[in-house]
Each structure stands twice: as C-alpha cells, then as structure tokens.
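Undergrad: According to TrEMBL, the record shows the following:
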type	residues	note
ACT_SITE	275	active site
BINDING	90, 92, 117, 256	Zn(2+) binding site
DOMAIN	1-134	domain 'Phosphomannose isomerase type I catalytic'
DOMAIN	150-237	domain 'Phosphomannose isomerase type I helical insertion'
C-alpha cells in the first residue's frame, strides 16, 4: 500500500512528477509487449508509441535466432509485483490448452500462449506452490474436521488408501479430493469456514499454538476473502517462504498463489490465468480441476535453485526448462544495488539481475550476441530508479517502458 510498495517506489523514482497516494495499492509493474499492457514509449524523439510497435519496426533488436524462433515477437514479459493482499489460487495452461481456451473465451483468456513463469523474491516472500505430500494432506484432514467435511468421506478414504498404492492412484485420489473441495456449494463453504475461523480464534485467544493447522494464515486469508473456498487451499498446497534471491518456477498446470511480499517475475509473454479462489475476478473451477498436475511433492522441491557459474563467482543462472526466458543474477562486491533486465539471446530471452558498483555509475545490458544493442542505465544515489525512458504498466497508473529489448529495473 502506498510507498510501502516496491512498485510505488519504482514509479516515484522514475518520474519526478509522480505522487504516491498512501491509501492506494500499487501492485504490478509490467515491461513487455503483451496487448493488455504494451509498454508505452514516452520519448517524443521516437516515432513509435509502444514497445511492441518499436520492435515490429526494428526486428534486428531481437537477434536472428530469437526473431526466427518467436516470429519476430518479444518472447517474455517482465514484472515487479508488490503483494499486500493474497493473489488468486491459479494455474497457467500449456500451449495446447491456451489455444483452446483463447478460442472459446477470449474475454477471459486473452492470448493463445502458455505462461511458464519464474518468481524471484526481493523481500521475504510467501506463496503457495504445488500439491503437498499426500501424508501432509491426510494429517490436515484428521486435524481440521471442517476441511474433511468439505472433501467428503468417500474421497477422504480414497486418498488415505492411495498412500499404499502407486503414483497414478495417488494422483487420481488427489484430484478427486481437490475437485470435491472446489465444487462445494458456496453456502456450505461459508458455514464450514466460519466454524473453522471461530475455532481457531478461540484457540488463539486461549494462548494455544495453531501452527499445526496453519491457523494464522487461515485467519489472514479469511480476513482478506471472507467465505472464500480458496482459504482451504492451504491444506492442499505447499507453503513456501522465500528469502530475497530465492525463487520458484511455475510450469504449466501447477497450482499456486502469491500471498505477500515483493518479487520480480519473468514469464512467457502471456496473460492466461485460470483461477478458482481468493479473487473477485472470473473463476473457472472445472477447467482448473481438469488441467492441474496432481503430482505431490515436498515444499523444498518447489524451490528453484540457480546454478553458480564456474567461470564467474558473481554470476548465477536461473535456467528453467522452457525456451522463452532465462534469468541471470550478477553481483558486484560491496554494492547494495540490484538491477534486473531482460534481453534476448540465441533462442532464449534472458532476464539479468546485477548490482551497480557505485552510485552515479552506468550499468549496461550488454546484448553480446546477434548484433544486439546495449542499454545504459544511470543510477541515482540513495534512490530506486528507472531510466527516464523506462517505466511500465503500473496498476492503474498507466504504462511506459524502455524502447529496447533490454528491460531494466534497479533496486537498492
């Protein structure tokens, strides 16, 4: 909210005329060419008005291989998120499903592309990601009778029995349980959630520890989304607490939700999201339940660990198994400054994070391959800054962006 948001601070540092309203949320800053937020070019010396237009008329900026692989399009979308209120229980479709959904309901699924994404924490960051081990879910079914009521006896029994069966039987049982939960009538969900909230509130008042049933998180989500079925998703999904620099990769069909904190996201250029809870937006429960990957795993397996370069001790690579983007982290000794920038290289689009060695210096996004250009970034002492020509879609505040394929944001 207000200047507590990393997005708001970036907006203020990029525009001396910007005024941050302390009672307004500043949630997302976009840099990319997606039709829902094609970044605007404010430099009047440049004839094109959006980044998408500029790239269309300056195809060499992509490099030959990226140009050919992605049909002359910028293949990634780069964001900064400031999450104060939990974002929806959601998943992103693969390309095949994205094409189908876009054809059927373009008002809800605005493009035909997949949306694998990487989230890298800038602050302490909390999120839900992937299904918990079945043993953990069964434990919650025992400790949280309201949760078990919504799942039903038959589905609960099936899940417990799957513990001694193969992975296919376990996935089938998990899908049955999750689908039963998500397809409950609203009235029944509200009744059971109110009972659970009342019970946890009483336990907290009595000084009892409710950590074993994620009590504090349940109360937090219920306060934000009263009566929402998504509150119960915490008993299905892994809870991740990321430290700055830690990351999670969200491939197609993996259920997830961002709960709180600031992060940088790099993803394929898409805005396709299938939602089913913790949101006032359009929800599509049948599609979500059908599409999800019901492969349980412990929370530690959901962390995405970067690879340290053997040639450069200050270089780490976040390299997910998708062709659309890669993220690099470059650290400069004794510097508190971070810069994230995305660039196209070979058949990949690369998002790079580096530090500025001293205030008042230049950081260049060196596009070394395929004749790419460089993008100078000037740092301002004691501030978070974006170059004057670089801003991005920022919630209700509008869209602006650097007219090059190198997209940069500086963090202090």
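Numbers run from 1 along the shown chain.
Using the three backbone atoms N, Cα and C, a Cβ is placed for every residue, glycine included.
On this model, are these features tucked inside or out on the surface, and what's nearby?
TA: If you take the C-beta of residue 275 (active site) and look for same-chain residues 6 or more apart in sequence within under 8 angstroms, you find 88, 89, 90, 281, 282, 283, 284, 288.
The 10 Å shell around the Cβ of residue 256 (Zn(2+) binding site) contains 23 further Cβ atoms across the protein chains shown.
Mean pLDDT, taken over the domain 'Phosphomannose isomerase type I catalytic' (1-134), works out to 88 on the 0 to 100 scale.
Per-class residue totals from DSSP over the domain 'Phosphomannose isomerase type I helical insertion' (150-237), listed helix then strand then coil: 68 helix, 1 strand, 19 coil.
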Undergrad: With a radius of 8 angstroms around the mean position of the C-beta atoms of 90, 92, 117, 256, what other residues of the same chain does the Zn(2+) site pick up?
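TA: After dropping the recorded site residues, what remains is 91, 115, 250, 254, 255, 273.
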